[in-house]
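The domain 'Ig-like V-type' annotation in Swiss-Prot covers 35-144. Feature annotation from Swiss-Prot assigns N-linked glycosylation site to ASN104, ASN111, ASN199, ASN268, ASN303, ASN387. The disulfide bond annotation in Swiss-Prot covers CYS169-CYS217, CYS262-CYS310, CYS354-CYS394, and the record cites sequence analysis as its basis. Taken from Swiss-Prot, the feature domain 'Ig-like C2-type 2' applies to 242-326.
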Amino acid sequence: MGPLPAPSCTQRITWKGLLLTASLLNFWNPPTTAEVTIEAQPPKVSEGKDVLLLVHNLPQNLPGYFWYKGEMTDLYHYIISYIVDGKIIIYGPAYSGRETVYSNASLLIQNVTRKDAGTYTLHIIKRGDETREEIRHFTFTLYLETPKPYISSSNLNPREAMEAVRLICDPETLDASYLWWMNGQSLPVTHRLQLSKTNRTLYLFGVTKYIAGPYECEIRNPVSASRSDPVTLNLLPKLPIPYITINNLNPRENKDVLAFTCEPKSENYTYIWWLNGQSLPVSPGVKRPIENRILILPSVTRNETGPYQCEIRDRYGGLRSNPVILNVLYGPDLPRIYPSFTYYRSGENLDLSCFTESNPPAEYFWTINGKFQQSGQKLFIPQITRNHSGLYACSVHNSATGKEISKSMTVKVSGPCHGDLTESQS
């Protein structure tokens, strides 16, 4: 059935120009006549086409009827209405400019879009006596013909048994259900396959050859169904997880030679080294990729502790090892004494501190005029006298590196006048 002609000599006004009042609204219990029904013509409608919501068995002597988008009959969802007396058409806030209402209550929607799919409510008013109006609602769900779906993937080339893949059935379609097929059959029950709540997304965990596909998805609603083209995952060969072996995890700064080795060994892989997240250049002496498997550092400093990583690569990609951090042994550096230059008078307190850079932490000890005074970073002598004048030295020692170094200063304690302080280094 084609579109009906629009009613002649109709008045068209907006919903803002009409105020409807009713003293009493009761639901109408219709007599035992044929039930009002609504059908879509054509039953399958494609996007961009027209569809007529054709009303059957409409009661006679109706003063008017209203169409709403959705199941709620409020102002926000109000599309259009037809008032029989005066043949008045009223447009509501939900009117898009593509809807036409006819005198038999049928609704034509032109140039249908995806947003037009869903439930429509026909609200009819039946004349009662002078004190009441009888109202009834009829709902109808408009389904658009489902589009041909396609499968999008987060990764069409996963590593076998190592990587997860997300398959999505597109486009997202309202009022439709999603089905998935693998090898032409419904999905097998396995912990490696998991569907989202809407079934639109399929998650594959640790893809193996047994679940590589082909996969198809289907979009279905009550009037149509469409299935995608098949998609098969291209499994890449599994890469072993690399790891680093090293000849010395506790090298001495600027002394020990380090040799890092990336395992496992294979002629099929290229080896790349990383320091602090930056790739290290390949030595000019490396003639074959396999030779870059070993990284030689003639010496290492305290600023090169790492992390170090190695990566094995094939033509499809790579995989990095866990990081390795060195414990570089260094120091002690030349110590510093604070305060380094000061004057003392008899009766004052002498309070000196000694600092150095060292790994592991250095041992500290103090001497005065070559005689051992005490251990520790601080030296405190209360109420010094002239007898405390002399050569003060802080010595530091690192048992791991075997290195020892000292710093000395000469302190002169005077009476009423300031003493002289000079520094010397040994």
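For all residues, glycine too, the Cβ spot is worked out from N, Cα and C.
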CYS394 (disulfide bond) and ASN303 (N-linked glycosylation site), Cα-Cα, nearest whole angstrom: 26
Close in space, distant in sequence - ASN111 (N-linked glycosylation site), Cβ under 8 Å, 6 or more apart: GLY48, LYS49, ASP50, ARG98
By Cα-Cα distance, the member of recorded positions ASN104, ASN199, CYS310, ASN387, CYS394 nearest CYS217 (disulfide bond): ASN199
Spatially closest candidate among ASN104, ASN268, ASN387, the listed glycosylation sites, to CYS394 (disulfide bond) (Cα to Cα): ASN387
Local Cβ density at CYS169 (disulfide bond) - other Cβ atoms counted within 10 Å: 26
Candidate recorded positions ASN104, CYS169, CYS310, ASN387, pick with smallest Cα gap to CYS354 (disulfide bond): ASN387
ASN268 (N-linked glycosylation site) and CYS310 (disulfide bond), distance between Cα atoms, whole Å: 15
Nonlocal neighbours by CB distance (under 8 Å) for ASN199 (N-linked glycosylation site), same chain, sequence gap 6 or more: SER177, TYR178, LEU179, TRP180
For ASN387 (N-linked glycosylation site): DSSP state (helix, strand, coil): helix
DSSP helix/strand/coil residue counts for the domain 'Ig-like C2-type 2' (242-326): 5 helix, 35 strand, 45 coil
Inter-residue Cα distance where the pair is ASN104 (N-linked glycosylation site) and CYS262 (disulfide bond), in Å: 82
Secondary structure at CYS354 (disulfide bond), reduced by DSSP to three states: strand
Pairwise Cα distance for ASN268 (N-linked glycosylation site)/CYS169 (disulfide bond) [Å, integer]: 37
Average pLDDT across the domain 'Ig-like V-type' (35-144), rounded to a whole number: 86
